[in-house]
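Annotated in Swiss-Prot:
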- 20: site 'Transition state stabilizer' (SITE)
- 27: site 'Transition state stabilizer' (SITE)
- 157: site 'Positions MEP for the nucleophilic attack' (SITE)
- 213: site 'Positions MEP for the nucleophilic attack' (SITE)
């Protein structure tokens, strides 16, 4: 199928293990309902008609993915991921074909809402650099004293945002920025930070705070609650 300027490829780095979950099974393969977290995350992307393909970067020794129904989906491409997130994203970008824009989404972020995704994708019509889903910080923020669990001072939360995913950029721009940042030893914690390092200023698209990443054991029950609530709302 030929791609158009509106078609989008998504990249899902899924080669990590997530030791904070305290389980032997990588967190993306834990189940919520009758699907794994990874499947929830990927199907949320494929639910939008502009997302024509999802490239999933998995660990070379991963034996779990092939057992999922997702492995046989015609819109899924699988590549070997790397040791770091940025390496996996770059591997995914190389398999993204001629898509002009790419989404990058966390494998363990299963609660993405379609209205948030649609507003993020609309950036391709108005922006040359793209942007990210993000949620304004609402809690009081404290800076700790170096090496201590003691408060140094309160941080002004005005203008602070929690970075979420998906993150959405022109494919070539993201590839070039990630490559440069890695080659120059920059600290890259998400895709937007690579663009920031290269002098770009991606936009912030406010998204729902319940678009959580499953990182700790208690997050699993919370994600299950959010997903169950969403399914109930869609069916009423």
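Note that the numbers count up from 1, one per residue, in the order the chain is shown.
Positions of Cβ are set from backbone N, Cα and C atoms, glycine also.
Feature map: Swiss-Prot annotations on the structure.
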residue : record                                           : Cβ neighbours (10 Å)
27      : site 'Transition state stabilizer'               : 26
157     : site 'Positions MEP for the nucleophilic attack' : 13
213     : site 'Positions MEP for the nucleophilic attack' : 19
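Across the structure, residue 157 (site 'Positions MEP for the nucleophilic attack') and residue 213 (site 'Positions MEP for the nucleophilic attack') are spaced 21 Å apart at their Cα atoms. In the three-state DSSP assignment, the secondary structure recorded for residue 27 (site 'Transition state stabilizer') is helix. In the three-state DSSP scheme, residue 213 (site 'Positions MEP for the nucleophilic attack') is classed as coil. Put simply, residue 213 (site 'Positions MEP for the nucleophilic attack') is 10 Å from residue 27 (site 'Transition state stabilizer') when counted between their Cα atoms.
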